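Novice: Please read through the structure below; I'll follow up with questions.
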């Protein structure tokens, strides 16, 4: 039975009161931005959060767009354990897509819907300092093999001062997941990981990871198998069982880092479902997976 509109608003009130003046880091994944309408709906919801007194920070991905751009340029996208293998050319393509296209588009939409957006990368103000990940040693057909995933980084230090300044002035920061190392090299860092690290550095109340599935599914082919709550202690077992796999691994690990570092809750939700973020935040039932 559908709730009356006034009941929905009353149900939302205690959550709005609880979250007032709190910071929420929202990762908008490329897979959640499969159409212009979905993107607009997500940004409208984020601007609404700002208007009800919440301080949102956006970290965006762009995986499908990067892959599409690579294919148009005749280059095959390759992945290892959910991370994009990033050689010099792929790094340049990623910067072109993330900074020149997606970031500016999100900032523009925020302005269109009455908010104040400002774009950043991790190397602006040395916000995200990192290092290149070491080569991976894995068994392939019983033979130990070294896999170099290129300019894929891990963050070492998050400098959130500029974000605090922007939030206090009413801006919505929009961050591309590109870091810088000690030598000034750009690093491609998984956006879920960046979002978790930034949420921890900002002491955010919530980390919200938006993707194209309705949270963590016990059976990826069955939307009804959603796991609504995951404890930190259960994550390793779920990875061993294969329930958490592929691109969901960095999402869950990013969420776990954030929660272990003091973020109260992390949520994985389906951004392609209309207003799913508002339903997750402001209703009793929720629509995604909560990590705590």
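Note: Cβ is positioned from N, Cα and C throughout, glycine not excepted.
Dumping what Swiss-Prot says about this protein:
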- 62, 63, 84, 188: substrate binding site (BINDING)
- 27: site 'Transition state stabilizer' (SITE)
- 251: site 'Transition state stabilizer' (SITE)
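Give me the structural setting of these features: burial, nearby parts and distances.
Specialist: Note on residue 63 (substrate binding site): other Cβ atoms within 10 Å of its Cβ, all shown chains, come to 19.
A simple way to gauge crowding: the CB of residue 27 (site 'Transition state stabilizer') has 32 other CB atoms within 10 angstroms, across all the protein chains here.
Under the DSSP three-state reduction, residue 251 (site 'Transition state stabilizer') is assigned to helix.
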Novice: Enter the number of other CB atoms within 10 angstroms of the CB of residue 251 (site 'Transition state stabilizer').
Specialist: 29
Novice: For residue 63 (substrate binding site) and residue 27 (site 'Transition state stabilizer'), what Cα-Cα distance in Å is obtained after rounding to a whole number?
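Specialist: It is 13 Å, counting Cα to Cα.
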Novice: Which residue, of the binding-site residues 62, 84, 188, has its CB surrounded by the fewest other CB atoms within 10 A?
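Specialist: Comparing Cβ neighbour counts within 10 Å for the binding-site residues 62, 84, 188 gives 84.
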